[in-house]
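Novice: The Mn(2+) binding site annotation in TrEMBL covers ASP24, HIS212, HIS214, ASN248. Per TrEMBL, domain 'Pyruvate carboxyltransferase' is recorded for 15-277. Sequence annotations record features per position, and here TrEMBL assigns region 'Regulatory domain' to 401-522.
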Amino acid sequence: MTNDSQSAQSDADRVVIFDTTLRDGEQCPGATMTFEEKLEVAELLDIMGVDIIEAGFPIASEGDFEAVATVANRAKNAVIAGLARAIPADIDRCGQAVKGARRGRIHTFVSTSPIHLAHQMRKSQDEVLEIITATVTQARNLVEDVEWSAMDATRTPIEYLCRCVDAAIAAGATTINLPDTVGYATPQEYRDMFLAVRERVPNSDKAVFSVHCHNDLGLAVANSLAGVAGGARQVECTINGIGERAGNAALEEVVMAIQTRADVLPYHTNIDTTWLSRASRLVSAVTNFPVQYNKAIVGRNAFAHESGIHQDGMLKHTQTYEIMTPESVGVSKTSLVMGKHSGRNAFRSKLKELGYELGDNQFEDAFTRFKALADRKKHVYDEDIEALVDEEIAHMHDRTKVVALTVIAGTMGPQTATLTLDVEGEHRTVQSIGNGPVDATFNAIKEIMPHQGSLQLYQVHAVTQGTDAQAEVSVRLEEDGRTVTGRGADTDTLVASARAYVAAVNKLKLTREKTARAQALG
Ligand code: KIV
Ligand code: ZN
């Protein structure tokens, strides 16, 4: 779609994109991001045209507050939202966090379904109605832009839901979000709920309606689009669909469905879709959540054609098997071939082509690693560079890093790892044995970085083909109910494993500190 035809579209068909990667996304087990990572993601969301960025839950911890406040101060275009329960202290804290934003929003929510009222809230319907009026009024006294959400809306009787929405709008809510919190609705039900509420609530035209869908039945994107058909004009979603349990609706899927099927979905968004691929890689790198290969829009295979018939068709006319171009989501096909003779300029152009913008120090570190890789590997593919730079970004703020690793493996045993780590500037070396080379390496790390975490996942995959391919390793650890994931890449699988394990333990330490700070705050 051209810009001209976009500007001809009416505002009534504009779907506002509300990204909650930094709040609902970060809330899912293992996806914790550091302060710097959150700023990096927020900056990219702002550049790509996200309308509202939900930057966190300010009352949850000092770290969350700081992240929301800093994103609020730095955002150039987007509205910055913070989440608040229907509790006066939450709303005040949220108001403080977003007050530096050019445009700040308080997003407050309360449960409305019978099961939540009876078992979680232990409140009557009338009590909840009073809470809605009081908390939305309080929020509206702090900011102009207030969103109110009916948690578990899809399991709430429609009459009561309408009374709640009516009360929220009367108290000044400017956006009404009706989430499918537990991912239970079907598209038709979800659309009908919006049609019914908008028709029955007399002042419904005073607010923008919003969808927020979880993916427990794999229907989050379909439900979001159905909600839009029912009159909603805000979609809450996350990059790569990360979020509680099975996740949220994936931003890239919602946006590309609207763009590609304008014939049956007559809406438009403000997203520059050429950033989608970069955003996916960044979120995957900082959360250490791999993107499944066949994931729509941003999966590695999303534009790959393997079968002979498909390849034949593609060579004759790309639209035989492609409904959108890879370029439209930021996947470039014009590849500069990289190797050990490529210099700084070529590397810089390649990074630009792949959608990376690195600071000077980051660039130098990435370039040094690229040269080392090119010395060991004949062909350096785009995927190699992506894996290398993503890892560089993900590990940039790690307090402990792998310096050297030597492993004795093979039939003779005992398998022995000699490992040196840089622990906040100090080099420490240990030697450990184990039941295999990976076990020996992990035991050595544990000696220097003791923890109680249990290994939930150890996964290796080759970034490209060939025996000299880089291995990308994911490690998931669980300690006291907290789950973290670390990722590492190298042509040496054991070095990649060590990097991934160290990254996970670094995150475990951060999560431990975050919890301790939250507990100290009460
Ligand atoms: O899923 C949900 O209901 C939420 C609310 C806090 C909006 O995330
Ligand atoms: Zn949610």
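Every residue gets a Cβ built from N, Cα and C, even glycine.
For the listed features, I'd like the structural context: burial, neighbours, distances.
Specialist: Around HIS214 (Mn(2+) binding site), a 10 Å sphere centred on its CB holds 25 further CB atoms from the protein chains shown.
Summarised as a single figure, the pLDDT of the region 'Regulatory domain' (401-522) averages 89.
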Novice: Over all shown protein chains, what is the count of other CB atoms within 10 A of the CB belonging to ASP24 (Mn(2+) binding site)?
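Specialist: I count 24 other Cβ atoms within 10 Å of it.
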Novice: Which of HIS212, ASN248 (the binding-site residues) has the most other Cβ atoms within 10 Å?
Specialist: ASN248
Novice: How many of the residues that make up the region 'Regulatory domain' (401-522) does DSSP mark as helix, as strand and as coil?
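Specialist: The region 'Regulatory domain' (401-522) comes out at 41 helix, 53 strand, 28 coil.
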Novice: With a radius of 8 angstroms around the mean position of the C-beta atoms of ASP24, HIS212, HIS214, ASN248, what other residues of the same chain does the Mn(2+) site pick up?
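Specialist: Neighbours found: THR20, PRO179, THR181, CYS213, ASN215, ALA220, GLU236, CYS237, THR238, GLY243, GLU244, GLY247, ALA249.
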